[in-house]
Amino acid sequence: QVYVVFSEELKCWCRALVESVQCQADGYQLRCFLVDYAKYCSVASENIQVLAGAFAKIPHRAKKCRLHCTKPLTLRIDYCENTAKIGPAKRWDTAAIQHFRKLLE
């Protein structure tokens, strides 16, 4: 379900999908994916509303996707042995993301 959340970063109301909910001392914190900006943000529970009628039917501008069978790699440098090896990583590093975006352009 798509909701409307107030993004502090963008200073506006945005359509979002709720990814997770965390309980905190001052209320609930929601991790959301902004469907028109392809960004993730955290939102306080008082800054979320149900999306009304016709607005829910507008297609999303951003879609979550993955590259099929593509896993992140990283360059591991061992200064003691003076070697460098490429190995698996838990997440993509910044340089790889920037390179991929340039390829898309």
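Note: Cβ is positioned from N, Cα and C throughout, glycine not excepted.
Taking H, G and I as helix, E and B as strand and the rest as coil, DSSP gives the domain 'Tudor' (3-68) the counts 8 helix, 35 strand, 23 coil. The domain 'Tudor' annotation in TrEMBL covers 3-68.
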Mean of the pLDDT scores, which run from 0 to 100, over the domain 'Tudor' (3-68): 86
